[in-house]
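The feature serotonin binding site is assigned by Swiss-Prot to Glu28, His56, Tyr115, Asp132, Glu135, with similarity to another entry given as support. Residues or ranges marked as histamine binding site by Swiss-Prot on the basis of similarity to another entry: Tyr115, Asp132, Glu135. Feature annotation from Swiss-Prot assigns disulfide bond to Cys27-Cys59, Cys40-Cys164, Cys98-Cys117; the stated evidence is similarity to another entry. Taken from Swiss-Prot, the feature signal peptide covers 1-21.
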Amino acid sequence: MFNKLHLVSLLACGLFVIAQANTVKKCEKKMPASLKSQLCEIRKYKLLDTPDMDKHMDCVMKALDFVRPDGTGDYHKLIKPLNAIEKDRKHDFNLEKCGGQTQHLPVGKRANAYYKCLVESTSGDAFKKVFDTVELVKAKKLPALSQYSSVVDKLMKKIDDKICN
């Protein structure tokens, strides 16, 4: 009896997590009004330091699964994809540095600060490629195990053109 109850509980939790799954598109739909006019710039990695951007990037970074529920960066979710784009020890250093710099910030500011730190780091170009690839995978525009390629750039351009024009 206990095992059946335990199994039902686990299944219910799993379904709840699936129902809560987010995408960048969902985050953009509920982004604060103050950012709506800047969506194109934000999608092109313009960095903003406002409470509304903190809220938006918290949603986005959680949707992409790059940060934990408390907004702290998740080293293990990014190191392998970064090294798949460019094998370099700098990624380890930058993930550690950005994680360390942001982990003691207020919870609502962590994800945006982590994002900004990575974009501005020497891993920035590789991070943007990982970010775009994962965004497309989460939106089901690419298969789950996809890696960065020129297809990512083409799909992102198509999405950005639709949003920005």
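Using N, Cα and C of the backbone, Cβ positions are placed for all residues, glycine too.
Location within the structure of each feature annotated in Swiss-Prot.
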{"residue": "Cys27", "record": "disulfide bond", "Cβ contacts under 8 Å, 6 or more apart": "His56, Cys59, Val60, Ala63"}
{"residue": "Glu28", "record": "serotonin binding site", "Cβ contacts under 8 Å, 6 or more apart": "Leu39"}
{"residue": "Cys40", "record": "disulfide bond", "Cβ contacts under 8 Å, 6 or more apart": "Asp160, Ile163, Cys164"}
{"residue": "Cys98", "record": "disulfide bond", "Cβ contacts under 8 Å, 6 or more apart": "Gly73, Tyr114, Cys117, Leu118, Ser121"}
{"residue": "Tyr115", "record": "serotonin binding site", "Cβ contacts under 8 Å, 6 or more apart": "Met57, Val60, Met61, Phe66"}
{"residue": "Asp132", "record": "serotonin binding site", "Cβ contacts under 8 Å, 6 or more apart": "Tyr148, Val152, Asp153, Met156"}
{"residue": "Glu135", "record": "serotonin binding site", "Cβ contacts under 8 Å, 6 or more apart": "Thr23, Val24, Leu64, Met156"}
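Within 8 Å of the Cβ centroid of the histamine site, not counting the listed residues Tyr115, Asp132, Glu135, the chain contributes Val24, Val60, Leu64, Lys128, Val130, Phe131, Val134. Just so you know, the Cβ of Cys59 (disulfide bond) picks up 18 other Cβ atoms within 10 Å once every protein chain is counted. Comparing Cβ neighbour counts within 10 Å across the disulfide-bonded residues Cys117, Cys164, the minimum falls on Cys164.
Around the Cβ of His56 (serotonin binding site), 25 further Cβ atoms fall within 10 Å across all displayed protein chains. DSSP classifies Tyr115 (serotonin binding site) as helix under the three-state reduction.
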